[in-house]
């Protein structure tokens, strides 16, 4: 099982959304990380054959996905970032409807719908109208519809949005189990969602693939660029203005800081092991400064 | 090689006793693999079409039935109190844009309720879903139009061909306009825009047929020309709509 993207480019007029992206994906969980507007959703839509690339090719086991058409979509499970539902649908109706579009015969559709409702913890709510559901319940239902056809390629765009911490943990475990037999691509800008479950991280910025590899491999790129120190309140304020702070904790005696910086930020700073969050901040310094 | 020697060799490779635990495990693994594998057949487009009828809003059928009942009750009554030909022209030309309008919310519902992205990534994608909906509404409209024609022909001295033109020309014109609106108007405003256009179109045809000589003086050839022109525009509009529903860019734009 191999999904390859070869010099994949997508342009909206003169704006480049995805820029000559090349990658090869095999079985496993891939965390697609990037700031808003980095091209994650566009890339996912192209992988799902919703958007046609301006140039470049996406191939599944060596065949262009456009040529595979229906047969390719048959292998696909997709949860978009923003999705709706028909207002008169119950959770079960919704799954049965999506199962029909995925080409499942009715008996198989019934069986799969019930199984997945159980898996995402919505069995008790199967007859309830979706418009009475919370955001987290809708998200879980969205994940269930993506799994209806036992997809070989599962694409989840910001799937943890709207989930509470307990649901997020549950979801992470679910995704982890899905990844053993399929290609799972999971986009998020919440790095902790993918740090522990992704076999490989793909970091996107301005449409390009900035870095990719297992977490420990890519975080090694900033080894020696993450520091921890305990400073006074006034010094913390100064450091906050000059450096990228990944963690700040007020203590009784001062402030504990975790700083991402190529150079030693202050005298008391000691180097520490980088995490994916540190790496993200390292790559997206501009965005995090802009957001302040 | 003697039989005895053969027996000896075979005894050396005797099959071990089956461990019941291993047997159970093998069955379980086989069952798991069976469930995982796609050994079930896929439904065909026509099976999907039959199955999708239940997902069409019942309001569509109710609205179509209500329109039929309205025409059934109005036409005989109005024909008695006024000019039968003019009444038939007015009633049929007014009702046909409304008949076409009934399907608009259903055609635009994937965009309206933000289901389009999920539907586009399915085996039977949005393009096929729209084709399926058009077939269903086309068949339903055909039944309603035939019923209207047969009924009005019994209450009007006008020929069946003329009556057909009074229905089909406004019907095809209205359909083209609605499909154009669905493509061009952004977001949820599309349905409202189509509704407004339908009502204006219906009123326009009512005024034209009731207070103008345009209908009466137009020859049958003229009507046929109008019909072919409007049918050509509608065919083009349907073709453009299909291209449009296969292009994610357009849908992303219209949803923004």
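Numbers here mean position along the shown chain, with the first residue as 1.
The backbone N, Cα and C atoms fix where each Cβ goes, and this holds for glycine too.
No curator has checked TrEMBL annotations; they are predicted automatically.
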TrEMBL annotation (transmembrane segment) - matching range among B:36-55, B:56-75: B:56-75
Cβ-based contact of the transmembrane segment (B:214-234) with the transmembrane segment (B:163-182), 3 or more pairs under 8 Å: yes
Two-stretch contact, the transmembrane segment (B:163-182) and the transmembrane segment (B:87-108), at least three Cβ pairs under 8 Å: yes
Within-chain partners of the transmembrane segment (B:189-208) [C-beta distance under 8 Å, separation at least 6 from its ends]: 90, 93-98, 100-101, 104-105, 108, 111-112, 170, 173-174, 177-178, 181-182, 214-215, 254
Sequence-remote partners of the transmembrane segment (B:56-75) [C-beta within less than 8 Å, at least six residues beyond its ends]: 87-88, 91-92, 95, 98-99, 102-103, 105-106, 133, 136-137, 140-141, 144, 147-148, 151-152, 155-156
Residue numbers, six or more beyond the limits of the transmembrane segment (B:129-151), whose CB comes under 8 Å of its CB atoms: 45, 48-49, 52-53, 56, 60-61, 64, 67-68, 71-72, 75, 92, 95-96, 99-100, 103, 106-107, 110, 119, 160, 163-164, 167-168, 171, 238, 241-242, 245
